[in-house]
Every structure is written in C-alpha cells, then in structure tokens.
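Participant: Before I ask anything, here is the structure I am working with.
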Amino acid sequence: MAKWILLIVALLVLSHVPPGSTEFKRCWNGQGACRTFCTRQETFMHLCPDASLCCLSYSFKPSRPSRVGDV
C-alpha cells in the first residue's frame, strides 16, 4: 500500500509543469520581444519596462529618419 501512495505522489509531483518562457513580453507595437539577449537575426531597439532588451527582427527595423541637410 505504501508503494502505491509513493507512486501516486511521485506522479503528481512529476506531472506539475512549471511555467516556461514561451510567451515573451511584446514590444515595439507587437513586432518585438522583450528578452535578456537578442538572437543573431535580431537587433536591440530600446529597453522594455522590466529593463530587458526589446529585440526586433532585422526585417522589421525601421529606417532612420532623413535629415534636411542630407538631401
């Protein structure tokens, strides 16, 4: 009987799934993700409210505004 209780307790403990970081906080109008480090395909744009980096894919990176003197 003790083995069955131990087995049930072990299965209950192992069935608990801790929350993962699959859902990143979004930034830059939903185009970027707040992370500790950006991947090679991403660039850092600004800081998120929790002081992590707002990583934005190079395809979504906005171009720099042109200055009047550059024309």
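Each Cβ is built from the backbone N, Cα and C atoms, and glycine gets one as well.
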Participant: Taking Swiss-Prot as the reference, CYS55 is linked by a disulphide to which residue in CYS34, CYS38?
Facilitator: CYS38
Participant: Cα distance, CYS54 (disulfide bond) to CYS34 (disulfide bond), nearest Å?
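Facilitator: Answer for this pair: 5 Å between alpha carbons.
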Participant: Inside 10 Å of the Cβ of CYS54 (disulfide bond), count up the other Cβ atoms and send me the figure.
Facilitator: 22
Participant: Can you give me the Cα-Cα distance between CYS27 (disulfide bond) and CYS55 (disulfide bond) in Å, rounded to a whole number?
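Facilitator: Spelling it out, the Cα of CYS27 (disulfide bond) and the Cα of CYS55 (disulfide bond) are 8 Å apart.
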Participant: State the Cα to Cα distance, in Å, between CYS48 (disulfide bond) and CYS54 (disulfide bond), rounded to an integer.
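Facilitator: It is 6 Å, counting Cα to Cα.
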